[in-house]
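As structure tokens, the structure follows; a few thoughts come after it.
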Amino acid sequence: MKLKTMTMEWTGDSLILIDQRRLPFEEVYVTCADYRAVALSIKEMVVRGAPAIGATAAFGYVLGAKEILKKSHNYEQVVMQMKNVKETLAKTRPTAVNLFWALERMEKRLIRHGKYEGLVKVLEDEALKIAKEDIEVNKAIGRNGAQLLQDGFTVLTHCNAGALATVDYGTALGVLRAAKEQGKKIKVYADETRPYLQGARLTAWELMKDGFDVTLISDNMAGWVMKQGKINAVIVGADRIAANGDVANKIGTYMVAVLANRHGIPFYVAAPLSTIDMSIKSGKEIPIEERSHEEVLTCGGKRVAPNNVNVYNPAFDVTDHELVTAIITEKGVVYPPYEENIKKLFEEGI
């Protein structure tokens, strides 16, 4: 079976990823023929966005199994060697919980199968299931979130939580897409999202392709456009949500949440249940990835800072649950108190 979306294509023998580092100026694709290439693509942000990383890792796991099964026909040995594949993929990005969720799911499927025969097909089917479920989940998130947006609303978003950050459709941008599909006129302000410029490079490009009225602003303009009354709601995605509703997302999200709170603007987080980590009580326990100093020292490949200056470059921050108006999931919209209602969500659904 095969899969093809804007973000990725699974051919059965390789995983082809759109190189998000090159957008919007070039549409270049990277072909990953083994799990090491998949791991490198995740680490170097050829692919990014928590749900997309999870699905990518699942296909990387399949490629690892294909490689190992060519050398070994002993099921127990395969299981042991697949632990190395899982570890290689898992250590690429520490913050996005979907990565670990997808790999755990693949490993459980491996163990549940319990034999060498038919193993690759079973794992491939599971990876495809993860990918296709993501699309269905995102559309459900979109439908649930669209009810929060009125016709004529202007929405601010940060980073990119669209089709490029998922297998397809998107979480935060999926809400905007669903609202548009319902006939609502929605305008969008997109933060540029320094230092990696996901808002400028990816969100603006993606929304323009879909015919949205989108305005790009630098990150330090967000407070001013809010004060001017231009923004009706903020919608962002998430890389990990703690059991109490604290949200780890792209650096700068916390700043936007504080500003929205100050101006009385609802701040919504759109994310699948797979992004909620019930093993983590609060955002204080979420590991925050730090990336290369060069991302801050340069812009568009040109150096913008003096030599030898100190640099701090966390890729994510944590927004306190008190600043979150609601969390939009595929099962419905969750409101405070989050610790209680998130638990109910997993136990009963909404």
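Glycine is treated like the rest: Cβ placed from N, Cα and C.
Per Swiss-Prot, the feature substrate binding site maps to R48, G49, A50, R93, Q198, N249, K250. Same-chain residues at least 6 positions away in sequence with a Cβ under 8 Å from that of K250 (substrate binding site) are, in sequence order, H158, C159, T193, Q198, V236, D239, A315, F316, D317.
Under the heading site 'Transition state stabilizer', Swiss-Prot lists C159.
The annotation active site, proton donor is assigned in Swiss-Prot to D239 on the grounds of sequence analysis. DSSP gives D239 (active site, proton donor) a coil state; it is part of no helix or strand.
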Name them in sequence order: residues not among R48, G49, A50, R93, Q198, N249, K250 whose Cβ is within 8 Å of the mean position of the Cβ atoms defining the substrate site.
I53, A96, C159, N160, A161, A165, G237, D239, A315, F316
Could you state, as a whole number of Å, the largest distance between Cα atoms of any two of R48, G49, A50, R93, Q198, N249, K250, the listed substrate binders?
17
